[in-house]
Amino acid sequence: MGNSTDDDSFDDDGFCNRLFNTSTASLPQDPFLPQQEPLVPTFLDTQGCLCQMQTDPSSADDSGLDPDADKKTFLWQCVGNQTGAATMEPSGKWYKTRDSAEGTDADLFRLPVNSAAHPLDAATPMTWDLQSKSFVKLSDGNNKDSRLSVWDAACTGENRTEFSTSFYQANEQLESNQDPTAAAPCWRSGAVPVQIQNVSDWQTTGCLEGFMCVNNTVNSLPQYCPPIQECQLARLASTVCQLNGSNVGMGPFEPVVCQAGRYCPPSGNGTVTRECPAGTYCQAGVSTPTPCTGGSRCPPGSTYQLFLVPVGLLVALDVLLVVGTLLLRHRRRLKASARGHGVSSLGFLEKQRASASSSIAAVIAGHRYKRVQDETGRVDEDGEMGPVMNATYVPGRQDTWSGFEAALDIPEQPVWSPIDVLNSPEAGLTPEIRAFVSSMSKATDAADFGLSFGFSELTFQPKGSQRPILQGVTGEIRRGTLTAVMGGSGAGKSTFVNVLMGKSEYTAGSVTINGAPGKLRQYKKVVGYVPQDDVVLPELTVRENLLHSARVRLPRTWKDADICAHVTAVIDCLELSHVSDSLVGSASKPILSGGQRKRVSIGMELAAAPMAIFLDEPTSGLDATAATSIMRTLKALARLGISVIVVIHQPRMEIFDMLDDLILLANGQLIYAGREADVQPFFEQLGFHFPPHANYGDVVTDIITGNGRPYKKTGDISKDALIGHWSASRQGSHGDDRTMEATVPQTHANMQRLLRRRGAPLWRQTQLCFARAMLQQYRAVATFWYEMCLATLAGFLLGLAEHAKQGVLFTGSYRGAYSILSVSSDLRSAPELALLVAIAVGLVGAAPGVRVFSEELLLHRREAEAGHSRLAYFAAKSAAAAPRMACACLHFTAPLLLLSAAVVPWGVAFPANLLYFYCVYGLASVVSMVVRREDAPLFATMLSLIVGILSGAAPPLRTVKGWHVEWLWRASPGVWLAELYFGQLVGPFAYLYDVEQAADASGFALDHLWRNLGVLAAIGTLYRVLAFAGLFAGKRIRM
């Protein structure tokens, strides 16, 4: 056995006090550090055991002296515990030499420390039995012998070159009276290591999964060393210290997390590392490679995957959309070119007529139209003549037909019926009007398709109001007349008309329609209303606007060919044939003239074959010629039998003379109700004088507004006096003897049957609205591409901002005893990514989400009041927005995941982002119902930012829980998106980090993927339910 030395350099505590300012006993065992001067051949085995060549202890007598000093057997003794005098005892494992070496003590001591002259035979391990004082052979691999300590039992007797080299270098340094830096347990000068794993823990668990423990054994347990300054800065930056691109510990026995781009298989117990193979990627600390998604790019040594399939899908989708758009536009240009080379612009109309019912086809057969020319004689090639025409289209040829106005040539008779019009040779109607009258008769299924209204003591007083808006209004509106409702501001004109149309419920009195009492609202399917503003869809053509109205509101038994023929007749009679395939355009980007837009608005109601039509200020905003033309058209409609009621203010003389009947109101009460021809005599009886050559319409307006003094020098001219005079005159005549004059009442049963047949079923309305919405999006293709570019830019910038992290968006505390080795935790990157995603999606989707409904709410209300299904409209618009949302989500998610390299699977990230788009669009729909159109995009964007900020990233959700307002955050879709991202970015690292601690610190749950997706879907649906309710109440609460 080796002898001890008196050299101070090998004093156990001398160098420790000098190097660490502590004693050896208080430090973890360092096998590299010689505890005694090695005088015989020595090496360290793979388990850090000190193996020295000794003489066979069985050859000594009881005195310890060898009886045969000239002949001794050399053996190898391997001891795990080197502290104290462990090597002086015959403990540990013993091995024979391969060459059965023998010699004297002098021979033994003459051998160098690093001698390999007599190699160890590791196949024959033995242990010394103190009782029998003899060697006991250990069975192969028996490391649990009770005579062996846990440290000695681990010895293998196999030389480990790196260990032995450090041992030899430290020995040389000590012999030279130098600090044994080769055996320093920490690289930081003066640093003292801390053992982080005991023997039992090491034997049970070994090296923690995801770590490299190259130098750690039972005799060199894992340690922690204070980092040097550079590595301390790296740890504060949440990164592992590296040297030449490789992770390094702060001491030879400090475990190191597995290198990114490589993996450390559990079978290697922290001693084996392999390069990540192609088709997989390995982030820092992985024990098994993560397979890449199919189609992703993952070369050998990848630390993240490149999602190429979504990018390829995105490019393919964009190419298909661009090519499809170009093909459709080319097809449209070919059609326009064909029309320009002699093909009748009305060829489509002729085909529709040919396929219509035989009665209509017989009327219009053989008629051909000539190309419409502008005033210069040039044929319009593209069908869009709006920009080159005057405010009103006036045919430049004397031999062209004049639409509905041709009906003014019908000789006036007390009552005209449609059958009379069709059969009377005196009528002399054009084929177009005959076709219109025929289809109207078919739609109404009656000999007379007009409505008459009778009202008695009609009163309307809103809830909470102290005085009624309408009071004691009695009179009638005759079938087939042009009736004007006139009065000053606040006279009750609009309220009166709304009551007759069933929009408002009267509070007293009675109303009859065609002589039969009933609820006015039920007649909305056969009553048309033209608002003052031309509420039409600018993205649709004239024909498309009318066709949609007809398909939704005409009898459901009609075939599409019949519907198209009816719409063609309406277009022809409204003199819109030359612009039938032109887009209507908007007020800011006009394509049609003002008069043409007004005719389109009227045509949308005529396309539904109404029995009565109400118009609010039909001449407002038009020049004198256009206004006169519109009124002549309305007069012609009344001549054909349709009841026409207009609210009008200060009409021209020509227009005033066209009116059949007048209803004059002031302060919600009647001043006059009767024929226009009788109004002058009526007021002259009251002392008013009508100047010659004056506009009688202006005179009447002045009188009924209380400004009639220029026409009556003396006497009472107040509105109350006029109201009182009318009331007295009616009492004196015991009522109006003309009430219900010339009215042919339809039976209640016939009318109910007619109403039941009107309107397409719900599924058909949904289909029509969906097709219209998709067509609108196609026509607004520039807006679509702006949105896609914005989504792509948002995803690109967000991904670029996260690219430097190379997909590492979470760093936590290492599990168990290795937590002391942790770098600075990063618990914020995962929820912050979700926060940025929520904000970006809000910016991308809020404004387009508002446009789904806000741009056409007025049109929807017009259609709903005419009998359209609100549910069908809302469902169709929401469904039509889904492809747009999906495209925007794809354009956003593809560059985001490509650049950020987040470990969120594509199959999770895309649905999650899509559902958040779904929520943002739903929230924007709610805003569009309650906020003015001009303010809605900004308001929706602000709300989207707010719900995004309430994602639990800042302030953290855990802090919010402490405030007891978690419910407010949970009401936001942002927090569910953040929880989903947190679980996907943190959960996969449960083998390496204490993810439960991270979840508790952040306040998020880890494994609630399906719950989070379900709640996002539920919130988006709830927003749409609120938006749908806003279709009913939005007008009252809109800010």
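For all residues, glycine too, the Cβ spot is worked out from N, Cα and C.
The domain 'ABC transporter' annotation in TrEMBL covers 453-692. Here TrEMBL flags 306-328, 780-801, 833-853, 885-908, 914-931, 938-957, 1013-1033 as transmembrane segment.
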May I ask for the residues of the chain that lie six or more residues beyond the transmembrane segment (306-328) and have a Cβ under 8 Å from a Cβ within it? 293-298, 778, 781, 788, 887, 890-891, 893-895, 897-898, 901, 906, 910
Quick check: do the transmembrane segment (938-957) and the transmembrane segment (885-908) share at least 3 Cβ pairs under 8 Å, counting only pairs 6+ apart in sequence? no
May I ask you to check whether the transmembrane segment (780-801) and the transmembrane segment (885-908) make contact, with contact taken as at least three Cβ pairs under 8 Å and only pairs 6 or more apart in sequence counted? yes
The mean pLDDT across the domain 'ABC transporter' (453-692) is 88
